[in-house]
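Single-structure report; data block below.
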């Protein structure tokens, strides 16, 4: 049932192979769309019930879209009572979509694990010319998985096409740090990627798009991205620090001898680097302060803190590669925290824009802080948090690092010439 395709890097798109051969015989030009689209349209449920038929979605040159296999049909949903409660289609863009993190994440998104079992989604996958064949493989696996909520899959290499009208942008793709590469050079190279993606989001995405930056250094990449999107609110941008929060919860649970779900209100403050601050002062175990349960202050201040900060490096030594599955899980957790009401008295960690924050943290950077959500995709900062000298001193150290990174990328944020002075290398090994 699938449609065979021929890929032309020069055209940056896909052309059905039979059409390409026919065009050569007739000496005519076949239009090459820049996006290859796999589509199973969500149509009005009431109309489907009334018509009771499955019809083909227009494809190829006639409609400007191409479909593959089962995604070419509009399906009869009259036997599905749940169709009446299905929500409006949510469109999600994922960059670095052919990578290991995405390989775990995309199937969680398609299954309904993230947005719910009544939420149809469309996936728009961004890659490069080099990864395009791998993207086709990802598309094929998604098709073969028969997810009923997955209504469209598009693959492409241009952010202006892939980001068109998206509701969520999960920016995973970034250049890895090569041997001997200075951290300042990595900031510049990846900063240019996120500046370009920010401009594309600003031009074509939904005005209320939610952006989660995963590619490292994610805090400063998120700052660069939001500075290049004047038409999108700065509060819509997040840097992923949920994996760090999950790691901290794990260590507290292991030390206390409880299950993970008993641990709450664990905040990661600051940068996604070894200057991050896992906050045990405000954390709770079964509603009680952690320091009442774990009375070993030396362990909390030293071993616990360093274990969380260096977890990524230890993992790559053991596993031989950086975390992928746990990163995908943390992306799921981060999104669910924004689309699900936060339980009363609890909060979660995410890197957000600091301007207007109540803690005294420097403004105009992206800094991980404790947040709550009403489940509408937005958030508010938690205000009922405690500070002591130990916590505040470490927060200021991470703040200083982010301010230094900001100076390194001033040329990408519209703030003049860059000046980079990063004497200490605090990148997370294997996660850069």
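Each Cβ is built from the backbone N, Cα and C atoms, and glycine gets one as well.
The active site, proton acceptor feature in Swiss-Prot is assigned to 272; the stated evidence is similarity to another entry. According to its DSSP assignment, residue 272 (active site, proton acceptor) is coil. Taking the Cβ of residue 272 (active site, proton acceptor) as centre and 10 Å as the limit, one finds 31 other Cβ atoms among all the protein chains shown.
Swiss-Prot lists 96, 97, 98, 99, 100, 101, 102, 190, 214, 215, 216 with the feature NADP(+) binding site, giving similarity to another entry as the kind of evidence. Sequence-distant contacts of residue 100 (NADP(+) binding site), defined by Cβ-Cβ distance under 8 angstroms and a gap of at least six in the same chain, are 321, 324.
Residues annotated as substrate binding site in Swiss-Prot, with sequence analysis given as evidence: 177, 183, 216, 247. A 10 Å cutoff on Cβ-Cβ distances gives residue 247 (substrate binding site) a total of 23 other Cβ atoms nearby, all chains included.
In the three-state DSSP scheme, residue 197 (NAD(+) binding site) is classed as helix. Sequence-distant neighbours of residue 197 (NAD(+) binding site) (same chain, 6+ apart, CB under 8 A from its CB) are 95, 159, 163, 169, 171, 225. Taken from Swiss-Prot, the feature NAD(+) binding site applies to 197, supported by similarity to another entry.
Under the heading disulfide bond, Swiss-Prot lists 67-72 (among others).
Sequence annotations record features per position, and here Swiss-Prot assigns disulfide bond to 408-420 (among others). Within 10 Å of the C-beta of residue 408 (disulfide bond) there are 22 other C-beta atoms, taking all protein chains into account.
Residues or ranges marked as site 'Activation of NADP-MDH' in Swiss-Prot: 67 (among others).
Among the features that Swiss-Prot reports, site 'Activation of NADP-MDH' is placed at 72 (among others).
Here Swiss-Prot flags 1-40 as transit peptide.
In this structure the alpha carbons, written CA, of residue 216 (NADP(+) binding site) and residue 272 (active site, proton acceptor) are 8 Å apart. You'll find the Cα of residue 98 (NADP(+) binding site) roughly 32 Å from the Cα of residue 420 (disulfide bond). Sequence-distant contacts (6 or more apart, same chain, Cβ under 8 Å) of residue 214 (NADP(+) binding site) comprise 96, 101, 170, 171, 172, 174, 240, 327, 331. For the pair residue 247 (substrate binding site) and residue 272 (active site, proton acceptor), the Cα-Cα distance reads 13 Å. In this structure, the CA atom of residue 408 (disulfide bond) is 17 Å away from the CA atom of residue 272 (active site, proton acceptor).
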